[in-house]
Amino acid sequence: SQVSFEEESQNSPSVGHWKPLMPSKGDKEEPGSGSQDAGGVHEPQSTEQLNVSRLRSSSVEIREKGSEFLRDELHKAQKELKLKDKECERLSKVREQLEQELEELTASLFEEAHKMVREANTKQAAAEKQLREARGKIDMLQAEVTALKTLVITSTPSSPNRELHPQLQTPSRAGFRKGHGRNKSTSSAMVSAASHNVAPEPVSRECKEVDSILFAEFQAWKESPTLEKSCSFLDRIYREDVGPCLDFTKQELSELVRVAVEQNTLTIEPVASQTVPVGKVATEECGGPKKCALSGLPRTCKHRIMLGDSGSYYYISPSCRARITAVCNFFTYIRYIQQGLVRQDVEPMYWEVMRLRREMSLAKLGFYPSEM
């Protein structure tokens, strides 16, 4: 009966039959074999994971050691930078100190040179005055010698000169001229020489008085020195001194000279050889050893000028050279004041500026030293 029931159950159609969830015996053996295979696969996987973990730990350790090494190097570099910063600061202080000492030395040298130039000019003026006086005395003595020679020659035994031999004169005349037996020229020369020795002529001393307007303008300019013409100090000097002093017959060349003087690019040099210039500019414009290029007049030119780097020379007369030199001296001094190289009080600076202005005034009127 059981067998028939099983056959019926096998032959009957499976309507609404659920598949068994549990596998059959045959199915159980396959997973068993699969689990054995899986167990064989898991062993290399665990070894690989172990190796990976070891690599990870070693890389982390290397990274930590590398970061620690980099931190040490960074710390060392920061220390070196601090030391270098301190060294740079010390060197900058040394440089500033050297620059200050150099500036003070330059200023003192300039003041000493300026003082020596003033003393040399004063001594030169005194020597020239003594030379003129000596020449005057020599001329006077030569005139006296010539007069004495004339008297001696004209006095002979046959016709004696009664002026030279007062004992030959009449008593009345001799009495009248008693004590005045010398020749008139000789006695007058002796008297003048004696009076010159007894009462020497007084030495003239120059008196100075500060002009309040000019001094105020100079003080205002000294507070912020500049070479611009807009300030009242330089505007006045341009109008009264620089402009008239550099106003020559050749207007175009005069303007070029003025610009070169202002820009400090003008060169003056003595004429080495008496050759007429050749090159870019015509001979008539450059002048020559016997013709001044600025005035256009026939003059003996001992100097020539060059404007900037033009390469063209212009021959100038001594008078024109004195005028240009006076203006250049003025601009040189105010440039030194602007650069802070003149370490003096305001009043000595003012009087030096006034002296340079006087030189420009004399030069534009035609006065210049004979050595030019």
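Cβ coordinates come from backbone N, Cα and C, glycine included.
What you see is a predicted model, and the numbers here were worked out from it, not measured in a lab.
According to TrEMBL, the feature region 'Disordered' maps to 1-59, 156-197. Per TrEMBL, the feature compositional bias 'Polar residues' maps to 44-59, 156-172. As annotated by TrEMBL, domain 'GDP/GTP exchange factor Sec2 N-terminal' applies to 65-149. Per TrEMBL, the feature coiled coil maps to 67-151.
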**Asked** Taking DSSP states H, G and I as helix and E and B as strand, how many residues of the compositional bias 'Polar residues' (44-59) are helix, strand and coil?
**Response** 16 helix, 0 strand, 0 coil
**Prompt:** Which value does the mean pLDDT take for the coiled coil (67-151) in this predicted structure?
**Reply:** 89
